[in-house]
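Lifted from TrEMBL, the feature list:
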type: TRANSMEM; residues: 20-45; note: transmembrane segment
type: TRANSMEM; residues: 203-222; note: transmembrane segment
type: TRANSMEM; residues: 228-253; note: transmembrane segment
type: TRANSMEM; residues: 274-294; note: transmembrane segment
type: TRANSMEM; residues: 300-320; note: transmembrane segment
type: TRANSMEM; residues: 327-348; note: transmembrane segment
type: TRANSMEM; residues: 368-401; note: transmembrane segment
type: TRANSMEM; residues: 523-544; note: transmembrane segment
type: TRANSMEM; residues: 550-572; note: transmembrane segment
Amino acid sequence: KSSKREWKPLEDHSCTDVPWLLLFILFCIGMGFICGFSIATGAAARLLSGYDSYGNICGQKNVKVEGIVNSGLDLTQKKYVFFLDPCNIDLVHQRIKSIALCVSACPRKELKTLADIQNFAETDESNLCSYELQPSEYTTDPRAAKLCPKYPVPESAPIPFFHRCAPVNISCYAKFAEALITFVSDSSVLHRLISGVMTSKEIIMGLCLLSLVLSMILMVIIRYISRVLVWILTILVILGSLGGTGVLWWLYAKQRISASAVETQIAKDNLQALLIYAISATVFTVILFLIMLIMRKRVALTIALFHVAGKVFIHLPLLVFQPFWTFFVLIVFWTYWIIVLLFLGTTGSPVPNEEGFVEFRMVGPLKYMWWYHVVGLIWISEFILACQQMTVAGAVVTYYFTREKRNLPFTPILASVNRLVCYHLGTVAKGSFIITLVKIPRMILMYIHTQLKGKENACARCMLKACICCLWCLEKCLTYLNQNAYTATAINSTNFCTSAKDAFIILVENALRVAVINTVGDFMLFLGKVLIVCSTGLAGIMLLNYQRDYTIWVLPLIIVCLFAFLVAHCFLSIYEMVVDVLFLCFAIDTKYNDGSPGREFYMDKVLMEFVENSRKSMKEAGRGGGAEGRELKPM
């Protein structure tokens, strides 16, 4: 019934998947409750103002913690957290393994002896030793070796907004840096790399801007070079397959001549292996040629779709800026999520640990708020990305199914956003939840695999990797189906399941076309990414070459190339999305319309030419049986 139902593009709009929208709103209210709970329990004050090892919040009066000697102090004048051994970092538990105190001021110069620490306490009125020691006892009390900071005390400065004294010299964290960057074994290397980045920061910013401009230009001109890219792909495949096969047969012939003179078992085994490789390569080449012969007409459809996609960006220029809005919203949400995560790390009730200090832990059901917060990160992030997909789909659908392009809305993007907010947020919530259901088990398996690294046997490791790979493939398939379901929803305003089923039927009916578009099209976009990265990297080499005498420019160049690839991927993924939406619209258009009066096509004249050429080739194939009659005409 669904496959025979008439598609009525943009004729009516209705709310879809309302229960899922209500469920998503309830989930977001739960996320807000976690934030409010962490703030209400004092986590925000502990995070921003900092607290010492005895549970006292710096800069305010505190309540006594039962069983802890130095708790409940009035630390109104002591606003900064100071660690007795700030360089002692516990990489396993990701924290500084040191006693923390609240002090009046951070040491702005290096203190090499206890006498220097005592002099600092007397002149700056900032006691760096534990609360039970007076400054006059620093050099006489035997407990000072344990209750005073490890010296030399490095020069420190307060971290803005977070009131923690942090060492100014980055070499203090050499161990931590070496754990993160395995190729750095000498802190001087790290210093030179960072100084290279700081020296070249203007060039790095300029090159990042260049990659942004190149990506925007490529999105406009790619429709003119799509045919050239397809020819490059075809030539590379033909030369690669023929060259590989020819080399294998040449090696076999050469080995056979030499083996006749020296008859050893190793030579016979090598000769037989080369024969198998050469035959396999020949079969592969023949099959590849047959596939290219069958799909050459569908490659023309890919070129036509890329050409029309370029026109879409000319008529809908705001599409180019879609990655900016999505990235901005994601950054805002991720910042909020990290802040709440930090709140959760300091929330809970004060509990004495085995060392006699205070830790804040959540007990009972509240300790599972971490999991809720992590699920929220995945679901809401996928929801934001799905909103982008629905917005792009709605704008492209409006463009495709508007016969007179002069009658397009003033801003189709804003009109699509309006339809999304008014009608289809429930569909987006449902689609993003399905992706979340697949992503969470995969992340759990990846975490288990990381934790058991080096402990599990080979069979368990193989099974874990196989499960992770299968879930990854399932996630990619569902993401592609979701995107087409959003397009069907934008066309017919149907709920998610109906749209997914309708889109799936259309995709199955055009399976070969889908395969060609997703292979040839992806390769073309990959070449575009390579072009942008190579152009930006070349410009970086030429500019950074002038600083080679006093700057290590390897790290700046890596940063620039990574940023260029990220920018190119963000922009060209929008282009890929537009091509996929156009293809589904084209498939629906050709299925339910034939160009007759009352059933006119909606498609662009470039796609119309493709349809006319296909019809002519089919008629010629039906009239004559000769080779020329079966030949498909080019566009």
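Cβ coordinates come from backbone N, Cα and C, glycine included.
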Close approaches to the transmembrane segment (228-253) from elsewhere in its chain (Cβ under 8 angstroms; 6 or more beyond its ends): 271, 274-275, 277-278, 281-282, 284-285, 288-289, 292, 299, 302-303, 520, 523-524, 527-528
Selection from 20-45, 203-222, 274-294, 327-348, 523-544, the stretch that has most Cβ pairs under 8 A to the transmembrane segment (300-320): 203-222
Contact call for the transmembrane segment (368-401) against the transmembrane segment (203-222), three or more Cβ pairs under 8 Å: no
Positions whose Cβ lies under 8 angstroms from the transmembrane segment (327-348), at least six residues beyond its ends: 31, 34-35, 37-39, 41-44, 46-47, 51, 360-363, 366, 369-370, 373, 376-377, 380-381, 384-385, 570
